[in-house]
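As annotated in TrEMBL:
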| type | residues | note |
| --- | --- | --- |
| COILED | 86-226 | coiled coil |
| DOMAIN | 89-231 | domain 'IF rod' |
Amino acid sequence: MSFHFSSCSTALPGHGTQVPLSSMSPCGFGSSSSSHLYGLGTSQPRVAMCSSYRGPVGAGIREVTINQSLLTPLQVDIDASIQQVRQEEREQIKTLNNKLASFINKVQFLEQRNKLLETTWALLQEQKSTKSSRLPGIFEARIAGLRKQLETIQLDRDRLEVELRNMQDIVEDFKNKYEDESNRRTAAENEIVVLKKDADVAYMNKVELEARVDALNDEINFLRTLYQEEL
């Protein structure tokens, strides 16, 4: 009695890999067989294929046999948590890849910025070295111009101070004149009040004298009339 060696592989869903399964069964001398199981764990129908090759029996007759045990569905349970973990791992890998790409872009940008700054610094150093020889003359001319401006400003300040003192003297003079005129006005107003009182007294005296004159004239006329009647 000889043994029939067979191999079997199964494809897991979503992975595209095959899991080999091996079996040994009685067979004729010099025979071998292989089997593959497709569609395991998916909605597709599972198909089991088995092929065997036997050595020459008799006069080179080949016989094909089917292993009926391979046609029965295999009970392979795939844990859903494993798929979730693998999905999370893939998402984490994607996130890390994105972060790595962003970091690489930042590094490249900073390198370009650094090169630009180095070039700018080199240009500034060259300009500084070329202009350093001309700086003393430029500063001296600028200082001379500022000194002239300072002298002009000092002269203007002295002139304005003289004008300010003159204006202060004029203002003080007008202030004194105003005070004198104010005092004179006050004295004149007081004098007017006194004269007004005197005028009122004189007017009252005049009225009184006129009344006395009228009374005396009436008395004279009365006496004259009386004297004429007696004559």
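Each Cβ is built from the backbone N, Cα and C atoms, and glycine gets one as well.
Keep in mind that TrEMBL annotations are predicted by a computer and have not been checked by a curator.
Provide an account of the burial state, proximal residues and distances for the features listed.
Restricting the average to the domain 'IF rod' (89-231) gives a pLDDT of 87.
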Work out, from DSSP, the number of helix, strand and coil residues along the domain 'IF rod' (89-231).
139 helix, 0 strand, 4 coil
